[in-house]
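According to Swiss-Prot, the protein has these features:
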REGION    1-35  region 'Disordered'
MOD_RES   P2  N-acetylproline
MOD_RES   K6  N6-acetyllysine
MOD_RES   K12  N6-lactoyllysine
MOD_RES   K12  N6-crotonyllysine
MOD_RES   K16  N6-lactoyllysine
MOD_RES   K21  N6-lactoyllysine
MOD_RES   K35  N6-(2-hydroxyisobutyryl)lysine
MOD_RES   K35  N6-glutaryllysine
MOD_RES   K35  N6-crotonyllysine
CROSSLNK  K35  ubiquitin cross-link
MOD_RES   K47  N6-methyllysine
MOD_RES   K109  N6-glutaryllysine
MOD_RES   K109  N6-(2-hydroxyisobutyryl)lysine
CARBOHYD  S113  O-linked glycosylation site
CROSSLNK  K121  ubiquitin cross-link
Amino acid sequence: MPELAKSAPAPKKGSKKAVTKAQKKDGKKRKRSRKESYSIYVYKVLKQVHPDTGISSKAMGIMNSFVNDIFERIANEASRLAHYNKRSTITSREIQTSVRLLLPGELAKHAVSEGTKAVTKYTSAK
């Protein structure tokens with residue numbers, strides 16, 4: 001009696017394995033494109049602030065959108081400032097001014113001090 005060819009069980013609806021196992025016509029596995037996000041950094045900060053607290057994937061998506069939005073706003077404002085001052089380079093000074101313009105009061109002060117601290121740490125590590 002001939003053996004029947006064993007086939008892999010059909011993936012469940014919505015299964016992520018179905019996407020990873022997708023094959024091209026020549027038999028090679030297709031690489032999944034990487035999605036860049038700030039999720040690992042958001043998670044690290046969360047653990048520094050609240051070590052026993054978790055975050056849902058929906059909340060992480062919202063945080064990722066928030067960081068992307070703020071990044072874009074700061075970059076646009078810094079670009080505008082550089083253009084006004086006839087500069088072709090965005091420096092930490094433009095970023096700092098953009099943060100002061102975009103964020104309200106106390107939040108701007110904290111952001112500027114944390115940013116200054118990060119730049120100092122970066123330059124001293126060189």
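In case you wondered, yes, glycine gets a Cβ from its N, Cα and C as well.
Between the alpha carbons (Cα) of K109 (N6-glutaryllysine) and K35 (N6-(2-hydroxyisobutyryl)lysine) lies a span of roughly 32 Å. DSSP gives K121 (ubiquitin cross-link) a helix state. Of K35, K47, S113, all annotated as recorded positions, the residue with the shortest Cα distance to K121 (ubiquitin cross-link) is S113. S113 (O-linked glycosylation site) sits 21 Å from K47 (N6-methyllysine), taking the C-alpha atoms as the reference points.
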